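Read through the structure below, which is laid out as structure tokens, and then see the notes.
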Amino acid sequence: MTKWLSVLGFIAVAANAEPVLVSGGEYTPAILLDESVQTLVMADFKLDATPVTYAQYLEYVKANPKWQRANAAAIFHDGNYLISWPGNTEIPEGYAKRAVTEVSWFAARAYCSAKGGRLPTLDEWEYASSQYLQQQQLSDQDYAQMLFGRHSNPTAYSQQPLDVNSKALAHMHNRVNEWVEDFQLMLTSGDNNDILSSSCGDSARFMADFGDASYATFFRYQSRSNYRAQSTTSTLGFRCAYDME
Amino acid sequence: MKPLMIAIAAASLVFGSAMAQDHSHHHNHKNHTTLGAAQVSQEDSIYHLEGEWQTHKGDTIQLAELQGQPVLVSMIYGSCTTACPVLVNDARRVYQALPEAYRKHVKLLMVSFDQDRDTPAALAEYANKYGLGENVWLFLHGQDDNIRALATLLGVRYRKRADGDFDHSNLVTVLDTKGRIVQRTEGLNRPVDEAVAALMKVIDDNHLMHH
């Protein structure tokens, strides 16, 4: 009996919440990375409802020792990978339901791959974000305030627990920034200008409009352009995407 | 104070050059955009990257199998008619500028961005076109996720365009025997001296000529 209970217990822990279907459709990005492409046609895909938590990541590194802190190859991170973990298979106290951070792009990709998924592309993430905003019926101003609020005080937001069993997209803007597969492509065609390396006046012309929401979104794009694939900051997590079967 | 200022100046020089972009085609590119190269880590081997690749001869390999010799690597795609033939030729120019005795110790690695079109057979045709004999070139076909990871480690930025072609950085990189990045040349048709010197140093430091 005890044996069966422990098996059931294991299954309950290991079962991941079902990812959420993001229905495809036409989409106009708030930031135009290619001035000749205004509207994107997105296919259906699935996305985790929430960012990956410490508890989920702990389970993963227990099963994949080469991604434990002491074992991760130096080429795949900047030296601060999981730096605040007390041990290789031990998360900081009280962190189980928080979004995991201090993970590099390489680590995030490896995690998603092990789960049968991948990182979302930048377009997929932003498209899901735009759908999420509509579902939440957040005004542009509320969205902008939330985003800037988190950026000015990331710790306060990150301490609130996540519900990994959420049935709908959650916490896209109020916990952490999230890795995307092609984060390094902050460039507009024909100009050779990174958003980061051109002046503010230059970059603003790649915004589709100049409302509060677009400025807030632009801020997220700018954050991305600061990352390297080895970055392991305390404000950057991830969630996984999945192709349709 | 003075050493600190120098350090800052040096750091900004390094940073500046790493972020510098090739504007040589700014006014005459038609559809192709050159992406500036990204910064890279030179401390550790890129051969930590797992995953299988198909060679132009149809073999399946992992990058770690290239250990033990210096490698000159670039990323291209076969249907590219602008920058890529120049990059392949740049690699050939480096090879031909090496003293004869050094040449057989160097591998020229060309990795395709194009999972869909650059099949091993298509790459074999490409390799034949550039001559140099049986064992000098190694053209690799891989899966998108491995291509993205390798490009990221090399600091090669690329994106697939709606028309199926690719915008990408133009970069030729020297790897040492362990797969660490030791030298990079950004741009097209650049002088080859630095790459040649880096390859010769790897060969000398590892006493490869005496084996």
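Quick reminder: no glycine exception, Cβ is built from N, Cα and C everywhere.
Annotations in TrEMBL come from automatic prediction, not curation.
Taken from TrEMBL, the feature signal peptide covers B:1-20. Taken from TrEMBL, the feature disulfide bond applies to B:CYS80-B:CYS84. Per TrEMBL, the feature Cu cation binding site maps to B:CYS80, B:CYS84, B:HIS168.
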Problem - Residues from the recorded positions B:CYS80, B:CYS84, B:HIS168 that lie close to chain A, Cβ under 8 Å, in sequence order - result: none
Completion exercise
One residue among the disulfide-bonded residues B:CYS80, B:CYS84 has the fewest other C-beta atoms within 10 A of its C-beta, namely B:CYS80
Handout entry: Rounded to the nearest Å - Cα separation of B:HIS168 (Cu cation binding site) and B:CYS84 (disulfide bond)
Key = 10
Exercise for the section: Check B:HIS168 (Cu cation binding site) against DSSP and tell me helix, strand or coil, would you? Expected result: strand
Fill in the blank from the handout: CB neighbours within 10 A of B:HIS168 (Cu cation binding site), counting all protein chains shown, number 25
